[in-house]
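Features reported for this protein in TrEMBL:
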{"type": "TRANSMEM", "residues": "68-85", "note": "transmembrane segment"}
{"type": "TRANSMEM", "residues": "105-126", "note": "transmembrane segment"}
{"type": "TRANSMEM", "residues": "133-152", "note": "transmembrane segment"}
{"type": "TRANSMEM", "residues": "164-181", "note": "transmembrane segment"}
{"type": "TRANSMEM", "residues": "190-209", "note": "transmembrane segment"}
{"type": "TRANSMEM", "residues": "221-241", "note": "transmembrane segment"}
C-alpha cells in the first residue's frame with residue numbers, strides 16, 4: 001500500500017504542469033520511509049529465504065536454472081537495498097556530496113562480498129546441523145541485541161516499539177553491518193567484522209569437521225575455500241571506499257567535513273530544511289543524525305523540528 005501510494009504521488013509530481021513543492025516534499029517523505037521498510041523486509045524476509053534456498057540446493061545437490069537466477073538476483077537485491085538505504089540517508093544533507101558512480105559500485109560490491117560468505121557458511125552449517133542453527137541464531141541474535149541496547153537508540157517514540165526496532169536491527173547484524181549509534185564507527189566496525197569473521201570461520205570449520213568422508217559435494221570445498229578471500233576482498237573494498245572514494249575525501253579537499261566516521265570535530269554538515277515540520281520523517285531524520293555530523297545552526301533547527309523530509 002505504501003509503495004502504491006508513493007507511485008501515485010510520484011506520477012502526479014512527474015506530470016504536474018506547475019511544480020508543487022508540497023507534493024515534492026510528500027514524495028520525499030514516502031521515498032525515505034520506503035527505503036527503510038525495504039531494508040527491513042530484505043533482512044527479515046528475503047535474506048532468510050535466500051539462506052533457506054541455498055540450503056535446499058546444497059541438500060538436494062540439484063539446482064534448476066530458475067533457482068540459480070533467482071538466488072543470484074536475491075544476492076544482488078540484498079546489496080542493492082543497503083546502497084539505496086545509504087543514498088537515502090545522504091539525501092538529508094543540505095550541501096550533500098552524493099555518491100559518485102564509482103563510489104556506488106564499490107559500496108555495492110563490498111556489501112555483496114561480505115554478505116555472500118556469511119550466507120554460505122550459515123547454509124553449510126545448517127546442512128549438517130539444522131538444529132544447531134536453531135541454537136546458533138538465537139545466541140548470536142541475543143548478543144547483537146544486547147550490543148545494540150548498550151549503544152542506545154531512539155528510533156521509536158515509546159519503549160515497546162523501540163525494543164522491537166532493536167530486535168530487527170539484531171537480525172540485520174546477523175548478516176550485515178548496520179550502524180545505530182552516533183560518533184566514530186571505526187572501532188565498532190572492527191569489533192563487528194572481527195566477530196562475524198570469527199563466527200563464520202567457526203561455522204565453516206564445524207562443517208569441515210562433521211563432513212562425511214563419502215559425501216560427494218567436492219565443489220563445496222572450493223566454495224568454502226573461496227569464502228574467506230571473498231570476505232577479505234569485501235573488507236579491502238570497504239577500506240578502499242573510505243580511504244579514497246568516500247564523499248568525505250572531496251569534503252576535506254574543500255576544507256569541510258562530511259561524516260563522523262572521519263571527523264569528530266569541525267562544523268560538520270547541515271541538514272536540508274523546509275517550512276512544514278508536519279512532513280518530517282522523524283525516524284529517518286534520527287538515523288541521518290546518527291550517521292552524519294551536524295553544524296551548530298543545523299543542530300538547533302534539527303531540535304526545533306525543521307529538518308529534511
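Yeah, the Cβs are placed from backbone N, Cα and C, and that goes for glycine too.
In this chain, the transmembrane segment (164-181) lies close to the transmembrane segment (105-126): three or more C-beta pairs between them fall below 8 angstroms, excluding pairs fewer than 6 positions apart. Listed by sequence, the residues of this chain that lie at least six past the ends of the transmembrane segment (133-152) yet keep a Cβ under 8 A from its Cβ atoms are 122, 125-126, 166-167, 169-171, 173-174, 180-181, 188, 199, 203.
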